[in-house]
Amino acid sequence: GSLNFLAMVENLQGDSGRGYYLEMLIGTPAQALNILVDTGSSNFAVAGVPDPDVTSYFNPELSSTYRSQGIEVTVKYSQGSWTGVLGTDVITMPKGLDGSYTINIATILESENFFLPGVKWHGILGLAYDALAKPSSSVETFFDSLVRQAEIPNIFSLQMCGAGLPVSGSGTNGGSLVLGGIEPSLYTGEIWYTPIKEEWYYQVEILKLEVGGQNLQLDCREYNADKAIVDSGTTLLRLPEKVFSAVVQAIARTSLIQEFSSGFWTGSQLACWDRTEKPWSLFPKISIYLRDENSSRSFRISVLPQLYIQPILGIGDNLQCYRFGISSSTNALVIGATVMEGFYVIFDRAQRRVGFAVSPCAEADGAPVSEIEGPFPTADVATNCVSSVSFHEPVLWIASYALMSLCGIILLVLIVLLLIPPRCQHRYTDNDVVNDESSLVRHRWK
């Protein structure tokens, strides 16, 4: 069918604090649910039983088109986890593609720290690659099913419009998930593309970081330890521990306020100012350099403090409190909603690249809060900032099996050598010790 991208504009609601979600109709007759858009996982899953934090859930028993596959599945996220059962059903998207599609759907039966108080969504739409799908990559992802059944191009794009607005306020902000392409009205200027380094998460290569125009001067591999990903399902900009402390030090140095308590940086405390004051002028802009498709060039995406010093609901009449929208991470640099709200982000799976363009909704008080500039030469950076050792489970399994086989082969060779009677020595008689020994070994290895 023909694609009408305009129909998909403003099909999301939400905020950076609680995620952006899409309305979806599941089953026959249709049950309407809000589904969180998550580019950092690959399963499509919905609440399948009532839960205290969920206002609505999918009841498969009421759907004549639901088919259970009877396979149990558990998915863990950086925060929270759930266990459910795999099945298939038909879905339609009121503000998405025309038509209905049969897709894999996990009904969540138990969860921990997954549905949180105040979230307005009831399920999750994992838009990353099938390598991350659980229990195995043979579970076709939602988007792969759409590409196959609706015959749309293998590309989607995402605009989240919550910049400078209170997180977890009572209202919601809009956003757009465009399936099958790029909607020109959602960006200004040009789109800058960076290659996808590996197709599991949307893994990209970060070359350097600047705070207030000052290079952090870290080895570029630190920025990609042990991966750098674009993940709409993560709230904050998350930085590897080394990078995080360097960024905090640089902000504290360049910001005009020294007396910040450490609790603000670690996320355990809010900082509050008089309502009439806007603290953003006190903080520097942060720039992330990404490798361009032409590897000898780079471009930078910058976020102003309006994106990472985030207003929380006010206290009383005269105070407005803010949280720090950056946190540390043990295993990844994550470009989460905090940064993504500044941009229209294109997930061009067909050409294995992620694109960034300035988003017209990324404004606060009429001024843009994000910018993209380039190209810059990459002569001062290593040719590869991504460590070639990638530790994901499949690779680890393959490595361990390979090592085990190697050990097995070596042992077999040793045993065979033991069993072959050595030449140039006296012939053993039948009742010799060695035969008993060797038969023991032989039996043990059957």
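Cβ coordinates come from backbone N, Cα and C, glycine included.
Bear in mind that TrEMBL entries carry predicted annotations, made automatically and left uncurated.
What TrEMBL records for ASP38 (among others) is active site. A C-beta separation below 8 Å, combined with a sequence spacing of at least six in one chain, links ASP38 (active site) to GLY19, ILE124, LEU125, GLY126, LEU127, ALA128, ASP231, SER232, GLY233.
According to TrEMBL, the active site annotation covers ASP231 (among others).
Long-range C-beta contacts of CYS361 (disulfide bond), restricted to its own chain and to partners at least six residues apart, with a cutoff below 8 Å, comprise GLN159, CYS161, ALA163, GLY174. The disulfide bond annotation in TrEMBL covers CYS161-CYS361 (among others).
Feature annotation from TrEMBL assigns disulfide bond to CYS220-CYS385 (among others).
Counting every protein chain shown, the Cβ of CYS321 (disulfide bond) has 16 other Cβ atoms within 10 Å. Annotated disulfide bond per TrEMBL: CYS272-CYS321 (among others), in sequence order.
The feature domain 'Peptidase A1' is assigned by TrEMBL to 20-357.
The N-linked glycosylation site annotation in TrEMBL covers ASN294. For ASN294 (N-linked glycosylation site), the count of additional Cβ atoms within 10 Å of its Cβ stands at 10 [all protein chains shown].
Under the heading transmembrane segment, TrEMBL lists 395-420.
The Cα of CYS272 (disulfide bond) lies closest to that of CYS220, out of the recorded positions CYS220, ASN294, CYS385. The Cβ of CYS385 (disulfide bond) has GLU205, ILE206, LEU207, CYS220, ARG221, TYR223, ASN224, ARG291 as same-chain neighbours under 8 Å, each 6 or more residues away in sequence. For the disulfide-bonded residues CYS161, CYS220, CYS272, the largest tally of other C-beta atoms within 10 A is found at CYS161. Model confidence over the domain 'Peptidase A1' (20-357) stands at 93, taken as the mean pLDDT rounded to a whole number.
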